[in-house]
Amino acid sequence: MIEAARKAARGLARDFGEVTELQVSKKGAADFVTNADIKAEQTLFELLTKARPGYGFLGEERGMVEGTDKTHTWIVDPLDGTTNFMHAIPHFAVNIALQREGEGIVAGVTYNPITNDLFWVEKGKGAFLGAEKRLRVAARRHLDEAILATGVPFAGKPGHGQFLKELHQVSQKVAGVRRFGAASLDLAWVAAGRFDAFWERNLNSWDVAAGVLMIQESGGKITTIDESDHDVVQGKSILASNQDLHPQILERLRAA
């Protein structure tokens, strides 16, 4: 899984080096990034299906590909942070998660090839950055000390009004709110203690699958905003933080 992420990321890193030259043409840059996204997913599909021929594959670009082994599914986002990539902002990631029937997500990888931050997790064994650094959520207990990450609904996405209400409720109580543009990295950064919490609505399973397990294995809590844990991997509307901050943030979001 890690090697597949690295190989797909190598192609993205090469393509990222060319993006700046295309900024003169919005359409040119957009088409280039779309092709980079598709190429990265094709690389992941080929490598993962070769390694585990029977497993299913759910990718952002190709959708669901059924496997003969109905108990295992790869969940893949080849390029989370597409808009950042298109604007030559070095904050994006390749994401792979493995879902097992009856157990949920059992392993995952989130990799930013530009910073070489490789976050990985295995159920029951912990979450890590690189080879050795164990991830733990931040220990802050008070909202006025906390920095939160979120995602802002953009063109064509629903929920602008609700987001502004939530931002109003949350921002009055916290030390800061950040919007970096890649949900998978936001979750990894919460797991690593860089951010204290992350919330966002209208996500997809490939945005969050690896991050869900990272939060859990780093001692954090992740639920949907309505606290229905059973469908948190489906993305939708999630809140991730440490155990102490979670109810405090949830209270602010529900007041919106």
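Cβ from N, Cα, C; glycine included.
The substrate site recorded in Swiss-Prot comprises E60, L79, D80, G81, T82, R178 together with one of D31, D144, D196, D207, namely D207. Highlighted in sequence order, E60, L79, G81, A93, N95, A182, A183, S184, N204, W206, V208 have their Cβ within 8 Å of the centre of the Cβ atoms of D77, D80, D207, the residues recorded for Mg(2+) 2, and are not part of that set.
Close to D77 (Mg(2+) 1 binding site) in the fold, though at least 6 residues off in sequence, lie G59, E60, A93, V94, N95, S184, N204, W206, D207, each with a CB less than 8 Å from its CB.
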